[in-house]
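Novice: Starting off with a structure, shown below.
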Amino acid sequence: MGEFELIQRCFAEAGRKRTDVAIGIGDDGAVLQVREGCDLVITTDSMVEGIHFFPDVDPRSLGHKLVAVNVSDLAAMGAEPCWLSLALTLPKVDEAWLTAFAEGLSETADYYNCQLIGGDTTRGPLSLTMIAKGVVPKGKAITRAGAQNGDYLYVTGTLGDAALGLQLVQNKVEISKKHRAHILQRFHYPTARVALGQALRNIASSAMDVSDGLAGDLLHILRRSKVGVVVDVNKLPMSQALKDSCDAEQALKYALSGGEDYELLFTVPENRRGSLEVLLSPYGVPVTCIGRITGAVGKLEFKQGEQPFVYQHQGFEHF
Ligand SMILES: [Mg+2]
């Protein structure tokens, strides 16, 4: 079998077969039927060897992560993920590697009800680019631009686990046996908050996903919404695994600036706050109020309880 057929075979059936794919893989382009009354939402994410992942990473987890990080962007817009395309640059065709990568990609696409509808393969340094497309009811996409003075700031799940995981896979920290699996899972197999993102359509005034760390990502909402924020660092949700694995100061650092948690960060106006917990309780993902939007445009402030908290933000480096 030629290299071309091998690649084709690996990805031929990736993901869920959707009825809205009129023409999928195999033609010059895919033909998709966007549901009546919906807007199309499109996002792109690239992962490059040596920048976003280590050369020895399990290709299965790489396939998973590529889908999950793209779908997470759709979730942050309140969109329902539908279709994926893949641009793959490979130094060589390694059948075992490709098979495992395609399996990780396929099972995760399937999980999120997405179908791979096309792609392209070239030769070169290992690099993976995915384009994810989803739909949202017309005009209902949640953006980064809607936060208003007085809104409450929330985050889903816990923060800092993936940053600790990154240290762990580089053997820079030690973690008790009890917590290793959780931290590695959070780093290698992030979960996109898809159902919750859709539930936020009529609740959140703005939203985004945390990919580069809370402190850095928050600035995007501040700039786009032309607001400020005060975050209480005592409120940041952290897993028991993180709290048990490092001292409080280090844990806080991971939670504030560690990337790749793929939790949703969103703001809620005061008058919709009451219904929030009831509406979100069926999703089984905890949401935590961590701060409040202010009118001080672009100003990111921290406090610790009632005390001011000085935090020198350093941008997150994938490694
Ligand atoms: Mg994002």
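Positions of Cβ are set from backbone N, Cα and C atoms, glycine also.
The domain 'PurM-like N-terminal' annotation in TrEMBL covers 26-135. According to TrEMBL, the feature Mg(2+) 3 binding site maps to Asp28, Asp73, Asp209. What TrEMBL lists as Mg(2+) 4 binding site is Asp28, Thr43, Asp73. For Thr44, Asp45, Asp120, the entry in TrEMBL reads Mg(2+) 1 binding site. The Mg(2+) 2 binding site feature in TrEMBL is assigned to Asp45, Asp73. Marked as substrate binding site by TrEMBL: His52, Glu260, Phe316. Summarising the annotation, TrEMBL assigns ATP binding site to Gly119, Asp120, Arg144, Ser211. For 149-296, the entry in TrEMBL reads domain 'PurM-like C-terminal'. Here TrEMBL flags Asp212 as Mg(2+) 5 binding site.
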Novice: Provide, as an integer number of angstrom, the distance between the C-alpha atoms of Asp73 (Mg(2+) 3 binding site) and Thr43 (Mg(2+) 4 binding site).
Specialist: 7
Novice: Can you tell me the three-state DSSP label for Asp45 (Mg(2+) 1 binding site)?
Specialist: strand
Novice: Average the pLDDT scores across the domain 'PurM-like C-terminal' (149-296) and report the rounded value.
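Specialist: Here the predicted model's pLDDT, averaged over the domain 'PurM-like C-terminal' (149-296), is 96.
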Novice: Out of the binding-site residues listed (Thr43, Thr44, Asp45, Arg144, Ser211, Asp212), which are within 10 Å of Glu260 (substrate binding site), Cα to Cα?
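Specialist: So the list reads Ser211, Asp212.
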Novice: Among Asp28, Asp45, Asp120, Asp209, Glu260, the binding-site residues in question, whose Cβ has the most other Cβ atoms within 10 Å in this structure?
Specialist: Asp209
Novice: Counting only other Cβ atoms and using a 10 Å cut-off, which of the binding-site residues Thr43, Thr44, Ser211 scores lowest?
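Specialist: Among the binding-site residues Thr43, Thr44, Ser211, the lowest count of other Cβ atoms within 10 Å belongs to Thr44.
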Novice: Filter the binding-site residues Thr43, His52, Arg144, Asp209, Ser211, Asp212 down to those whose C-alpha lies within 10 angstroms of the C-alpha of Asp120 (Mg(2+) 1 binding site); answer none if the list is empty.
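Specialist: Qualifying among Thr43, His52, Arg144, Asp209, Ser211, Asp212: none.
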Novice: Near ligand 1, which of the binding-site residues Arg144, Asp209, Asp212 have CB less than 6 Å from any of its atoms?
Specialist: Asp209
